[in-house]
Each structure stands twice: as structure tokens, then as C-alpha cells.
Amino acid sequence: MSEQQVHSVTVELAGRPLTIEAGRVAQLANGAVLVRYGDTVLLAAVTASAEPRDGIDFFPLTVDYEEKMYAAGKIPGSFFKREGRPTETAILTSRLTDRPLRPLFPKGYYNDVQVSITTLSTDQVNDPGPLAIIGASAALVISDIPFAAPVGAVQMGHIDGVFAVNPVMGLMENSRLDLVVAGTSEAVMMVEASAYELTEAEMLEAVKRGHEAMQAVIQAQLELAEKCGKPKKEFVAPVVDTSLQDEIKAWMGNRFLQALNNSDKAAREAATDSLRTDVLEQFSAGVAEEELAARVKAVTKNYDALVKDEVRASILEQGIRVDGRKVNEIRPIAVDVGVLPRVHGSGLFTRGQTQVLTVATLGSPGDEQRLDDLGIETTRHYMHHYNFPAFSTGEARPSRGPRRRDIGHGKLAERALVPVLPEKDKFPYTMRLVSEVLASNGSSSMASVCGSSLALMDAGVPIKAPVAGVAMGLITGKEAGQFSVLTDIQGLEDALGDMDFKVAGTTAGITALQMDIKTTGITYEIMQQAFEQARQGRVFILDKMNEIINTARNDISQFAPRIITLQIDPSKIGALIGPGGKTIRSIIEQTGAQIDVEDDGRVFVTTPDADGARMAQSLIEGLTREAKVGEIFTGKVVRIMPYGAFVNVLPGKDGMVHVSELDEKRVENVEDVVKIGDELTVMVIDVEPGTGKLSLSRRAILTGETAEQRKSSSSKGGPRGGGGGGDRGPRPGGDRGPRPEGDRGPRPEGDRPREGGDRGPRPGNGGNDRRGGGFRG
């Protein structure tokens, strides 16, 4: 290995230094950099195959973002104690990085390119997401891999009414906006955002400010390339013989437009495939066998180019799309809710030949998803999962679980609904939504947004406002400024167009945004028009949805669990849980309830029926509530002692009725008045500070006295007979027991004084010591 030479550049971004360093690590990669922002450090390394992959017509780019637990000072919690398959965050970051880079590779470049990004250190302050894009771009810029221009990226927030560039992670909790924008020095390449109903103007302003802020990072990459960049490998795009296009078009005649202009996806694909087969037979006939493969490839490319040119030309020149719609026209919409009988909520949304069934399930707080990755350990009480089976596009392929695309689409729809969800304190349910794509002809992720809104309202979730989504497309012409923005794109327009611009929101504003492009950037003029057409389309779709359901049902489904929220003193959590969880398990067994206890004293009781909920509530309140002086209880006598009776007044809580408080008259024997199992109505006359021990009185109930009167009478003392209070109270440790041989023995040295003075020490008791009890008073 040659002598190590380290090169670095540092710029200030949002008031903090960002450093990109090359040459220290991964020297065998085509390009590698370390990116440091605060104490967050990422490694980005890129490699490319020496030769293009045979038999493909797409660019094989792979982006892998990996989170290493050591970066946060953690040991993986799995059995094997090592990182497993990528987390959701890792997959989303991989997709986020891929999208702005892909359009900047030359067309026809079919070499395998792998971008590997690893988080080596994280400070829980600076989000690694935008840094992954910067690192990948910098590694490509200094490598010998053909790549058009450096890409910068920043995160934008909107906190306290002010836009913020790269706010620290803690501040994002209070932000109305979470936007990642990436671009070159000239244009925006990628946008991904979730927002709390920002207007189109606010969102566009955030994109502009983000694009301005990233310029310093772009310039830093160029400076690094000047210091240590490798010469780019020479690449010449394969030449496609277009001479056949005119011949093929002339031979097809009217069949071409007849096959292409069809609103039915299946019929159109069948017609165009049949026509392609006929074209191949016609223009491959008589070709020598050794030249046949090349001829078939050339004819296919020419035919596909004709399809693309015709679709785009019709839109740009006539404003007409292949299914006959105008550029701002939305496909026919059908909406239904409550389509499944036993689920908690369901919505069926159909737009053209795209159809999504979304099902809502309500669970207990304990059903929350627990997240433990490089971020702070958190929980998620709202989840959306997106499934895209092969039959939805008429294909036959095995299902191997969710793909990256499925996870990305599911997360986009999830973000779109989060801003309108009720606060957890008011609606403590865990919500899981699953969108099943039943048919797909473009924009299935936005159909999932609409289906989610319908399913939530059908489930009785009090969302703040319905949410809808629409996907916008773009067709650009060869002349400068020639473009057409399409509303509600279908699959063919997505494949042959230049942009996929997805916007979700309410009538008040945007809640989610995602933009991908296939060109080297779009102008703000295009973006502004796309925002406005998306707003109009969103309002149109919401009107259609509101005709069926426009607010949450009055109650949740009869098949959904019921949740009661209780607030207890946090100091009582231990009493509720009990030693080793014994108490709370007992309640769960008795009631069939699921009980979740928060550190702040909130208790969530989830049961399938109201009776179990009420029983659990009663038991919990009894265990955790404090009896107050003056309260009256009716409870059973659970224990009798010579000095009084113990009565159970609350679950797990007994109080003592002293012998002097059992009756109006003097009581010689407690069992003359009550027996174990008897019900007794008593009043709380004192609660001992610190211990919470209860002093009870039956006498107050009989005489009509208040707790204060009984407590005062007891403390002052009084005649022993005829109901006078003032008894000495129980001795610690129980009764003194019977006197030896029935008599206390003679008094020492004469009689004790009758009036005043001290009684003198008791024989054999050491003066004032009364076995731990102090003076009688």
C-alpha cells in the first residue's frame, strides 16, 4: 500500500463544523471518506465493477446504510450479541441516500456500483441521515467512478415559527416540520418531509432555504476532489441505432396509437406486448443467427423508445394522456368503509385501477412498538404497514416478506397521518394500520394514505381532520422551460416521466411530502406548480372521501378492547405492582384485563368487556387511593384483638377500630360487639402521617359526631364508663397479655398518688420505659 496521505476539508454548517476526510481509511475502495459533524462520525465507501453487467437495461446501484450499536456505546440485545438485519431506520436512510445520487450517473452506465455507509459514532445530537447523503456523494466525487456533480443535504425544521437548518435532535420534537432536502449546486434533487399542516408556500420556502444552506457542503466536496480526487474512468454510453425507429413506426401505422391509448392497464399492456412481438418478428426475419440477439435488442430498444416518445409528445403537445385524461385530471374514485365485519376499522379506496384496502386494529398501550437502535430508546403507538403482493400488478412471483420499497411506502403513509392523530393522553390506544394493495396502476402509496384516513375514522379514532394523498408527475421537453405537471400519475407515466412528487395532507396543509426525479434537477417554478396542482387534487379527493365519511364514528368498534385511564400517585406504583409483581398479576387473573403502568402514575386498563374494566378499576383504586379523614366505609371485620377490631375498608387496606370507638358505652370484650366476618360501618377519624395507618370509629356513626370531634375527644381523655373517650390506645406489639397469677402484686412503698405527680416506676420495668411505648399521657 502506498504511503498514507490524509486530506480533509471543514465547513461550518448551522453553526457547527462539518469535516470530510479522505485517505485515512478504506484505501482499497474506489473512494472513501469519513464525515464528522459534532461527535457523529460516518464512513462512506464506494466501489464499482470493472465491467458492465450483461443482459440488463437498468443501472445496478446498491446503497447500504448500516447502524453499528457500538456507535452509541451499546451492545446488541439479540442472542448472538451482534447486529442483525437492517433496522427500519437503516432501510429508510439507504433509500434516502439512493434517490438523489441515482440520476447523476451517466445514462447507459450498467456497471455494478455499491455505496456502503456505516455509522461509527453518534452523539444523539446530530442526525446521521443527511450526513449519509453527504458522505456517499463525497466518496463518489473523489472516486474514479463516473458521477456528474456533488450532492449536498440538510435537515430543515420549523421551530417556534422560525425555519432552522440542521436543528439538534432534541429540538425536532417540537418542530412543525422534518424535511430532508438534497441537491446539486444548481437544482434540488430530492425532498422528503413530514409536517404539521404546513402550507405549500411554507414548504417551498423551507426547500429553498435548505438548498441555500447546502451550498457550502457542495463546495467543500469540490475542494476535496481537487486535493485528492482520482481521474474519472472514461465512459462512453452505448450507441443505440435509432435508424429503425422511422421504419418501425411506419410499419405499425395506426396499430401503435390504438394499442397505446387505452385507459385499461391490462388491455393496453396486452396490446402493446402483442404489437412488440409482431415488430420483432417483422424486423428480425432473415437475420443471421449470430446477429439475431443484437438485432432483437436493437428492435426492442427502438420500440420502447417510440412508446416513450409518443406518450411524452402527446402530453406536451396536446395535453392528453394515454388514458384520455387532461394533465390535471384525477381518475375515477370509489370510497367505502366498514367493509370487513370483525375488524376494528376498514377502508377501501379505489382510484382508477389502483385499489388499496386498509385495516385498522386498536390495541393496548402495552402493544406499542419498542424501538432500540442508535437513537434514544422510544416507543411507537401508531404503525402503518404496506403490503404489495404480486397479484396487484398481475405478476406471478414468490412473496419473501416486505421489501425496501414496501417499508418506504409504509413509512410515508405513516408520516402522513401522524400529525392528525389524537393526543395519547386522550386516546391511549396503540394503532396498527395495514394497507393491502389489491391492484396497482400507480400511486399506491398515496392510496394507502387515503385508505388509512378512512380506516381510522371507521375505527372511531378521533383524528383532527381527514387526510388524502396524490402523486404528481412531470414531463419535460427538449426546449428550455417546456414542461407539463401531471396530476395523479399512473404506472406508465411514472415509468416514462421525469418526476414522482407525492403530497399528502388535509385541507389546511401538507402532512407528508416525497419527491424523486430522474433528471439532473427541477426548478422552483416546476415545484411551485406541482404544489398547487397537488393541493387542488388533494381537496378534490377529500371531497369524495367526505361524501362517505368525514369524521370519526361516535364510538370504537364493539370488537375493539376498552381502555380506562387512571391516575395514581407515583409513590403507589409499588403497592399496585406488589412484591415480584404478585399484586398486579392477581388483578390481571381476576379481571382478564391487561394493565400497563407508566412512570408518571398513569395506569391503562385494557379489557375486552366493561365488567372486567370496572372490576379492575375498583381494585386498582382501592390499592392506590388514600382514605381521607371523615370518609365513611362499610367493610368486613378481618381481625380481632383485645384492644380493638381491624376492618377492611379498601382493597388491601385495613384500619383499626379501637375498643373505645366500638360503641357508645364502655366495651369490656371486643367480641361482645363484633366478630370476624361481620360488616361494620365506620368513619376514618385519623390517618397517621408517614405510615398511612387508619384509625376508625364506629362510635362516630352511632353518635353522629364528626371525625374531628371523635379525635379531639379521644385525645383529651374522659370518663372510663358511660362512653367517655380518652383510652390509652393499643400498645405496640399487641396486648400485654395476662398478668402473672392473675394479680399485679403489691404496690411498692405505699399507695400511688391520686392527684398529680408521677405514678412512679412500675416494678421490673426500668422507670419510664414501657416496652417501646413512651408515656400514657
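Backbone N, Cα and C define each Cβ position, glycine as well.
If you look up Swiss-Prot, you'll see ASP494, ASP500 marked as Mg(2+) binding site, on the strength of sequence analysis. Sequence annotations record features per position, and here Swiss-Prot assigns domain 'KH' to 561-620. According to Swiss-Prot, the domain 'S1 motif' annotation covers 630-699. Feature annotation from Swiss-Prot assigns region 'Disordered' to 703-777. For 718-727, the entry in Swiss-Prot reads compositional bias 'Gly residues'. Summarising the annotation, Swiss-Prot assigns compositional bias 'Basic and acidic residues' to 728-761, 768-777.
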Using DSSP, how many residues in the domain 'S1 motif' (630-699) fall into helix, strand and coil?
7 helix, 36 strand, 27 coil
Taken over the domain 'KH' (561-620), the model's mean pLDDT:
90
Using DSSP, break the domain 'KH' (561-620) down into helix, strand and coil residues and give each count.
32 helix, 16 strand, 12 coil
In terms of DSSP three-state secondary structure, what is the assignment for ASP500 (Mg(2+) binding site)?
strand
